[in-house]
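Okay, structure first, notes after.
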Amino acid sequence: MSPLECSECFGDQLLHRTYTWHLTLHSRPNFTRKRDTRSESLEIPINVVLPQRGTAEPFLRLHNLYPTPRCARQAALPRLSRRVVSQHSYPLNRFSSVPLDPMERPTSQADLELDYNPPRVQLSDEMFVFQDGRWVSENCRLQSPYFSPSSSFHHKLHHKRLAKECLLQENKTLREENRALREENRMLRKENKILQVFWEEHQAALGRDDSRASSPLLHKDNASSLEAMKKETALQAHRGRENSTLQLLREENRALQQLLEQRKAYWAQPDEKAASTEEIKPISSPHEEPHGLLPDPGPGLPSPFEEPKGLPAPPDDSKTLRALREMVSTLSAQPGEEVGKGGPGLPDGSQSLELLREMNQALQALREENQSLQVLRDENRLLQEENRALHALREEHRLFQEENKALWENNKLKLQQKLVIDTVTEVTARMEMLIEELYAFMPAKSKDPKKPSRV
């Protein structure tokens, strides 16, 4: 039964719903003839089929216009003389208006030029079309009711399936390749994070070394800033050294002042004794003492020229203290000369003070030179350690890059090998299928394989 014969015959299908309109065409009376006022009408039933979910767009059906019904159900239905419209009518937007002549014979589908689309349903990956009272796959759709499928159709279907399988296999390989690339990117991100941590630690170490001492070999761009920092540190160290030197000089001056006070007190005692015994003689000044007034003291008495024990002496200035003791011993070895000279004794004390200061300055200069040499040695040692660490890091980074390159090439070769294996497997499967098809077309006798004759 053709889809154009009767739409009521398809009412039992669950995949569409049918709405019917009865279109009546009236012809005007012919006024050319006298008293001929008859009007003729033609009733055309039109069906609109609304597909359910999963089907194509709505389509139009047209009833049979022949006088005799071509379907048993259509013959059993009563004919309506007027237009019947369903409660749930659908707009007739697929109907193409064509001038119809009611005097002619009933027109066909080609004469009406109606746009007809058969119903379609898509299930999984296949499309089904309703044709000749049954649902048929779109790939297996018949062109006419007398069409008989041939082997070429199945061959085409088989090729389509093979193409679909090839596409699925290719998609699978692409997904695997994408997975491998994602894994490789994840590993590279981890390696970059590790290298970044190493680089940050190295930069922090370089910053600490720069704060200690400048490194012109590694930081040529920051030479000016490092020089300024070095100058500031040198100025601070020099100021600290000057402060320590001033402190030492103050302590030495304090010790010398105490020594002079002790000498003055010791010289004043014999003057008082001489004044009490000999009142006639004038009181001599402490600077005009006789030569025999300063004998060597006893073994239990301390010498007035010895350095007091309570004086603070830094442990690092042993040479300075030794020189000071030598100067004090030289001063104590010449007491008679100072007494004989009398008045010029004080200038000699100032000269000894000046000599001590000069010696202290020379010792401070030597100590500063030694400290600067020690600082330079420490800087050189730190620079050598930094160079060794940098060389080790560069070597490790180079080995790491070579290892990454080898891993990447290995992964690439594995992917290529897998693609080749898949291609060979696919070609082998196709060859087997072709051999089976050839055996299917061959007669029964030739199906038995024969051994090839030896030449």
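The backbone N, Cα and C atoms fix where each Cβ goes, glycine too.
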Could you check which of 24-50, 240-266, 321-347 is flagged in Swiss-Prot as coiled coil?
240-266
Please give me the CB contact count at 10 A for Ser124 (phosphoserine), counting all chains in the structure.
5
Within 10 angstroms of the C-beta of Ser211 (phosphoserine), what count of other C-beta atoms is obtained when all protein chains are considered?
11
I need the CA-to-CA distance for Ser124 (phosphoserine) versus Ser211 (phosphoserine), whole Å please.
73
